[in-house]
Amino acid sequence: MGCSTSKIPTEEPSTQTSAVETINQGRGTQQEGQHHSSVEQPTPTPALTGEQQRHPEADGSVQRQVDGNAEKAKYRLTRQIERGSHSRIFEAFDRVTNKRVAIKFLARGVYCKNLRAEITNHMMLVHPHIIEAKEVYLTPQFLALVLEYAPGGDLFKYVDARGHLDDGTARRIFQQLVIALEYCHEKKVINRDLKPENTLIMTLDGRPYVKLCDFGYSKQVIETKCKTQVGTVGYTAPEILRGGSDYNSACDVWSLGCLLYVMVVGDYPFLCESERLDDKALFRRTQDRVLKADYIFPGDVEVSRGAADLIRQMLVVDIEKRISISGIKRHPWFRQDLPKAALTLNQDCLRVPAFQIQSRADLERILAEAEHAGVARTNSAGSSNSVFAPRRLSSIPSGSSGRS
Ligand SMILES: Nc1ncnc2c1ncn2[C@@H]1O[C@H](COP(=O)(O)OP(=O)(O)OP(=O)(O)O)[C@@H](O)[C@H]1O
């Protein structure tokens, strides 16, 4: 499977406006148990070994690079896990509980306005198949989002390493994602960027247990509809690419259909890859195919009838005819081997209050403060700490995805 996709710009104006951006893949490897009830119960895995704890960077040097204040920090940073398009993600340990977390560092400044929806929406969602957003805090230069740690990396890597997934594994992951997505929609949050890179793996014992992680393009839709063109090329629904008209939560069903295709086929349904074409030409070609739902199941990969049938019902251009989440939940392929608890899980989750670790008022205050530019610090080596500045994004082909 080719390993990069392109992003459509974020909703609000920012220092980085139009963008095509390469997506990173996760590198998590260790296993860790967790506590929620879920569609699939993960197998408990051992605590960190001494060797794992003695990471070469566990001496505080990473901490000093990030906030220059290793001694007072609540979390001890140990290593960088990944670099996202707007962030750096670090592994860290809570100094009191010694629990492992992931911390996403985002540069402070006006760009943080764009993060309000991401962080507030994420914190509202408390679900076993969604990475827990625990709290935010400020360092002199960064807004830090503390997340539940996912030891297994992301689903893209998982699929890529295996070529494609067998029917049972793909179904188990898909069941978990459908239940998570139904919960988001019940909370009136549309994700708009579902893809394997934004799906993290908690266990790697052959029964993967997954969680959604990135709500960067999510929108809480209570009275308004969505208009803005956001998402990732190759997963974005045709109604978003077409632009102009209102669209709704059915766009997530389309993306989930693409994600299911990627799992069972090991390739993208629409994304065109060619060394002979430049990014703009590839983008246009992909867009043309999405708008016509022009994809095929390749002859050399065996896809079960049930999975293929469900994908066909999800990748329907007309949103009135596209299968709904409740339709998916009735589909025989989805129902096969479905854990009993899955169908009642969301009723329980919808009763769980959000903002238990950090109050909404605190969150709002910190987010407002984060919009003020951070103070430039010098790191322990004496040089200015610019390594965490978001990468510059290159521009997207005009007319193909600008803001509405
Ligand atoms: N809680 C976590 N535990 C472990 N790894 C994580 C966690 N959150 C993120 N990652 C890793 O970091 C990668 C990027 O994370 P995320 O998508 O949240 O960042 P981003 O800046 O929004 O990236 P992009 O815009 O490129 O999608 C993920 O694909 C995953 O590999």
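Counting starts with 1 at the first residue shown.
Glycine is no exception: its Cβ is also placed from the backbone N, Cα and C atoms.
According to TrEMBL, LYS104, GLU148, TYR149, ALA150, GLU197, ASN198 bind ATP; the candidate from ASP160, ASP166, ASP214 that the record adds to this site is ASP214. Among the recorded positions listed (ASP193, LYS195, GLU197, ASP214), GLU197, ASP214 have a CB atom closer than 6 Å to some atom of ligand 1, in sequence order.
A straight line from the CA of ASP193 (active site, proton acceptor) to the CA of ALA150 (ATP binding site) spans 19 Å. In this structure the alpha carbons, written CA, of GLU148 (ATP binding site) and LYS195 (SUMO2 cross-link) are 19 Å apart.
In this structure the alpha carbons, written CA, of TYR149 (ATP binding site) and LYS195 (SUMO2 cross-link) are 19 Å apart. In the three-state DSSP scheme, ASN198 (ATP binding site) is classed as helix.
Around the Cβ of LYS195 (SUMO2 cross-link), the number of neighbouring Cβ atoms within 10 Å comes to 23. In this view, GLU197 (ATP binding site) is surrounded by 24 other Cβ atoms within 10 Å of its Cβ, with every protein chain counted.
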